[in-house]
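Okay, structure first, notes after.
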Amino acid sequence: MIFTILNVLTRAMLVMSMYSLTTWDSTSRNDMCFSNDSPLEGLVYYWETHSKRHDYKKQESQRCRVGDSDKKMITNVTIISLISEIQKSISELSLSCVNDDNSTGQVLTFNGLEDTIRGDYIVDCVTGLYQSDIGVGVGLGRTHHGHQQMKNKAVVIDEKERMISLLETQQSENDIKMQVLMSEIEQLKNQLSKKRNERGQEKRDAEKVMSDLMARNSDLRKHNDILTAEISQMKNKNTIQRNKNTVSTTVVPAILSVALLSSSVAPIIAAPPDSPMINPWPHAKNRVGTGMYKYDENDDSGCRPIRYGVSCIGFDFMLKMDKYPFFNAFIGHKTPLESFADKIIEKEEETCEIGTNKEFKCFEERAYIKGTCPTNINAVHYIDNKGKLRYVKCKENLEMTEDCAFCRKIKKKAGQSVQVQKTSVPLQDAICQENSDTYSGPKIPFKGVCKIGLIKYKECKFKTSSYETVSFITLKEKGKIYIEHLMLKNIEVVTNVSFVCYEHVGQDEQEVEHRALKRVSVNDCKIVDNSKQKICTGDHVFCEKYDCSTSYPDVTCIHAPGSGPLYINLMGSWIKPQCVGYERVLVDREVKQPLLAPEQNCDTCVSECLDEGVHIKSTGFEITSAVACSHGSCISAHQEPSTSVIVPYPGLLASVGGRIGIHLSHTSDSASVHMVVVCPPRDSCAAHNCLLCYHGILNYQCHSTLSAILTSFLLILFIYTVFSVTTNILYVLRLIPKQLKSPVGWLKLFINWLLTALRIKTRNVMRRINQRIGWVDHHDVERPRHREPMRRFKTTLLLTLIMMTGGNACSNTVVANSKQTRCVQEGSNTKCSITATITLRAGVIGAESCFIIKGPMENQQKTISIKTISSETVCREGSSFWTSLYIPSCLSSRRCHLVGDCVGNKCQSWRDDQLSREFSGVKDNHIMNENKCFEQCGAIGCGCFNINPSCLYVHAYLKSARNEAVRVFSCSDWVHRVSFEVKGPDGETELVTLGSPGTKFLNWGTLSLSLDAEGISGTNSISFLESSKGGFALYDEGYNEIPREGFLGEIRCSSESAAISAHKSCIRAPGLIKYKPMTDQIECTASLVDPFAIFLKGSLPQTRNGQTFTSTKDKKTVQAFTNGAIKALLSINLDDHEIVFINKVKNCDATFLNVSGCYSCDYGAHVCVKVKSSESADFFAESEDKTTVLSFPIQSGTHDYCQVLHFQKPLVDERLSYSCGSEPKLIVIKGTLVCMGVYDFRNKTGGSSTVVNPSEGAWSISNWFSGLLDWLGGPMKAILKILGFIAIGIVCFVLFMILIRIAVNSINIKKKN
């Protein structure tokens, strides 16, 4: 069964890669094809068999060649080696052996294709399908069909020897490859060794740095010990001095404040602030207040209270400086849970238990906050919108997941009694304080925000949501308030500062195993509460507030660094909040409507089609530039700002009519607008004629009788004026007499000469007549023999030549010849294979270039037409970047000296990328930011115990003012590209856009374009902008690679998303944000260039240096109008393309409709015909001299078809024979064309689109004159009519001169009177 399935699958295989063996003689031809895996024995066997069958192999040697090499005599013994070369080849290769006259021969070819079909088969040469097995056993030399072994043993021996030599050659090649691979392996080993050495050196350097740090740490510890000893000595001296002096002073504490506080915060100096480690302050677990980190009495005993050396998972997690940076910056303040235990804040009565309480209200606010939890805890807490503590816990023995959203049960480890600790962590990085202020001011706004969590600020139609780290405060009776710009200050006041006290374990003379400290409440000190027994001493702040000199102390008390009151700048006032911190919460931000909206249609604009162009009136905005495009041709107009503009007609639209797309740029604060105008077709004479211009005079067919008389009069007046000026100049130069000064004198002289010549001619004629009739005496005179001149008919030949009509259809047409086409009959159809490379000129815009493929029968043809759609000079973009409008925002925090990061001269060396711990909660926003530190005043007057300068830390960031961006780019070059509509031989249509050089692969062949064109210059001082919403603009500033302040591109991003989000990967000019520190707060400003204002002002189209810039047809880049021209050559390549001609007669009837346009011009004339056909076909018409050709595919039914033709004379009268596959019929194209003139004196300051292959044939006076004669009815009628108009013009001129003279005389008479 399996073998049967395999056999069926094998027969269904389609072989692509194959060998083909062709043998022929004078009587027959045989073709056989084999699969790719066919063995050498099989190929040799069938080569020998076919040779014998066709009686071809009779000589001992043959004339053979491999591939394109020269033919050589090759013996039959060595022919197998050549077949082996074909069998081994991986590319297309052939072996051919033929006789001298090619009457007999044999060819073995490999097509060079690839497939995955395995096996040796005989396949169909056309379809590639399996036919049969090859029938030759590999290496056996026999066939399965009973063929005998090859008789020529010498051939077998030679073949084996050749195979041995081939194997030896292959072995040598493998040895060479092996050597190369071994050398590469050695190089890789050397590189690996080098890398290992480098890593070893880096490791040694790191160990060296680590040893240096450890040594430095050791030095710091020694310095700390020395400093502690000095402080102790100074304490003793101070105690003695106090005993001596009963009057206490504040001078000594002030002097000692620096040293004493250095002792208390020295451990902080040893740990860098950015280190993601546990808070290094040794008294972090000596909490201010009761130190009860609990929600109820069931919480972990290690948290009730927090003590030295006792683990509390929840609080220990908060000491991680990367998780709660704000809390660790204010370690001397209380956590929210401690504040609840100390009655500072209240709790929500309802406790949420995950899995029990399914009401969403319990978790509604929690759902918007994102947090991180450690393992082995069962609860979280947070401050809700009411400013109260809300508690969320899991069921018994379930732990909170890492995202603090779910609960899970973990199996206990062996010997473990409790797996999950009953403690919690906060979802917010916050601290709380006592005695907060109340606030009764207005609602705190949050700019650009719709909603934060459950707090709604405004309704937004368009918004975006994301999790952000937002600062917040809580106030009494106000609840939680989110703050956009957090500005805080931390002051130190003796009357409002917290102390932590401790004693040493073992100082009561009981032995202890480990050295440790023990927490003591400050309220246990006798000097604080007289009912207590503990004798306490402390640092200078503690001793300044309490009397430390009563007796020998038991307990040491120090003030908690940064535990002084924390104030927030709220609406310009400093408020002491109840709690302050950060939370990562879901924020809905408003998405503003884009300022740069896509180009809008101007529906209210008014348009009118006038003789000189399209008149457009705006709805109030002032138009500066306009671009009109139709049928691929564009023209522009530029003017001073005005509410109306007249745009010239592009191309022949003034007479042809149709839709015109118009783009208008204006001075209003919006992008350019677009409108579509439809103009009706008009008579060519009315559209393109003028009276006082030379081409108006030349368009004789457009003149009426009155305009002809007026033209004649003006022509005579012009001649008279020129003649008068010339004769007067000659008279002044004494070159002519006075009698010839006036043109009338010259006219009299001409008439006298004419009459004299006529009289002499008459006299001579009369004399000859008298001599013939004998009225005069005869004299015998020998008559000379005159040779009769040959009649050349000069006049007739001239008139014949000038009356010939010139015309080109399809712009350029090439007909395939017999060498390019090979046809065979297949049933009722004809199958033709064409291989050709044709080069022809591209047509002007709207015209077509055609390649006509004719079949073997009359009127069989296929056409490849290439219609030129448009031509553009487009920008080749250079460097680019994205940018937007950015505004700065600042956060600030002032810390006293030796508090937090304000240590030593650290503020002076603060780096822009160094973030203070107060703002570490916002470090994950990934936006452009910088950090500053400004030294401010110190000492008690500025709320500090230390007289050294305090530190004002600033975290500034930039954010995009709008949710959009613009791309700025330069044009390194301007290149030409042309769009074509290509119709294949089977009627398939495809739109192709090509540059030079460019090639398009089509299903019938390839189309290539080569251009001869000049680029444009003068654009280096211009930059271009592209909106993310669509549209382009121009800016009169050169593109600079480096961002500079005060220029476009002060901030540059690599992508649109990076620009909108103000990502930190964007580069920016230095010093963009300006700072003004004011003791407790900062004012930051930035004056950045607004790219959106630039875009609106320079929205395309714009005109610079006589060139108009606008967007391309596909709206992907910028193009320029330059009034230029290009020469375009098309190359069509067909390689064995098959075309089927259906041997069926197709009838059609065609009627000429009209012809309109111009002659001897670039635009050509539109010839339109109406064709009726019962089915789809190819219409073909040509004149007898084949100079005028029409060719296009037609559809069934009756339709109108138009093509652009080029004529060289104004009167068109062409007789064409047309056919759609049947007998040819007659069609006559008849009409008149106008002369448009080479120059156009209308305003063209903006330029027009590039002309493709402008007309090389100049205006011809002979063609014009022949058309004039035909139009006037023939030579004789033309001469009489012209003389008549001249006579009428002279009469009008004489009357005009008489009237002038009468008017002058009457004026002179009035002056005399």
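Just so you know, glycine gets a Cβ as well, placed from its N, Cα and C.
Just so it is clear, the model here is predicted, and its values are computed rather than measured.
Per Swiss-Prot, these features apply:
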- 178-237: coiled coil (COILED)
- C373-C404: disulfide bond (DISULFID)
- C394-C407: disulfide bond (DISULFID)
- C450-C460: disulfide bond (DISULFID)
- C501-C557: disulfide bond (DISULFID)
- C525-C536: disulfide bond (DISULFID)
- C602-C605: disulfide bond (DISULFID)
- C810-C850: disulfide bond (DISULFID)
- C875-C971: disulfide bond (DISULFID)
- C890-C1084: disulfide bond (DISULFID)
- C907-C933: disulfide bond (DISULFID)
- C1053-C1066: disulfide bond (DISULFID)
- C1158-C1161: disulfide bond (DISULFID)
- N76: N-linked glycosylation site (CARBOHYD)
- N102: N-linked glycosylation site (CARBOHYD)
- N496: N-linked glycosylation site (CARBOHYD)
- N1154: N-linked glycosylation site (CARBOHYD)
- N1243: N-linked glycosylation site (CARBOHYD)
- 731-773: region 'Golgi retention signal' (REGION)
- K1311: site 'Important for glycoprotein C and glycoprotein N subcellular location' (SITE)
- 18-712: topological domain 'Lumenal' (TOPO_DOM)
- 734-791: topological domain 'Cytoplasmic' (TOPO_DOM)
- 810-1278: topological domain 'Lumenal' (TOPO_DOM)
- 1300-1313: topological domain 'Cytoplasmic' (TOPO_DOM)
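Between the alpha carbons (Cα) of C850 (disulfide bond) and C373 (disulfide bond) lies a span of roughly 76 Å. Of all the disulfide-bonded residues in the list C460, C557, C605, the shortest Cα-Cα distance to C536 (disulfide bond) is found for C557. Around C407 (disulfide bond), the same-chain residues six or more apart in sequence whose CB sits under 8 Å from its CB are I354, G355, N378, C394, K395, L398, E399, M400, T401, listed in sequence order. In the three-state DSSP reading, C602 (disulfide bond) counts as coil. When Cα-Cα distances from C875 (disulfide bond) are compared across the recorded positions C501, C557, N1154, C1158, C1161, the shortest belongs to C1161. DSSP classifies C460 (disulfide bond) as coil under the three-state reduction. A Cα-Cα distance of 53 Å separates C1158 (disulfide bond) from C1053 (disulfide bond). Sequence-distant contacts of the topological domain 'Cytoplasmic' (1300-1313) (same chain, at least 6 residues past either end, Cβ-Cβ under 8 Å): none. Each of the disulfide-bonded residues C605, C1158 was scored by other CB atoms within 10 A of its CB, and the lowest score goes to C605. Here the candidates are the recorded positions N102, C404, C460, C557, K1311, and by Cα distance the one nearest N1154 (N-linked glycosylation site) turns out to be N102. The region 'Golgi retention signal' (731-773) scores a mean pLDDT of 77 in the predicted structure. For the recorded site, C933 (disulfide bond), the DSSP three-state label reads strand.
For C404 (disulfide bond), the nearest of the disulfide-bonded residues by C-alpha distance turns out to be C501; the candidates were C501, C605, C1084. For the pair formed by C890 (disulfide bond) and C933 (disulfide bond), distance between Cα atoms is given as 12 Å, rounded to the nearest Å. Less than 8 angstroms from the CB of C501 (disulfide bond) sit N286, R519, V520, S521, V522, D524, C525, C536, G538, V555, T556, C557, I558, each of them six or more residues away in the same chain. In this structure, the C-alpha atom of C1161 (disulfide bond) lies 33 angstrom from that of C971 (disulfide bond). Nearest in space to C602 (disulfide bond), taking C-alpha to C-alpha distance over the disulfide-bonded residues C373, C450, C971, is C971.
DSSP gives C536 (disulfide bond) a strand state.
Looking only at the glycosylation sites N102, N1154, the densest Cβ neighbourhood within 10 Å occurs at N1154. When the Cα of K1311 (site 'Important for glycoprotein C and glycoprotein N subcellular location') is compared against those of the recorded positions N102, C605, C933, C971, C1084, the shortest separation belongs to C605.
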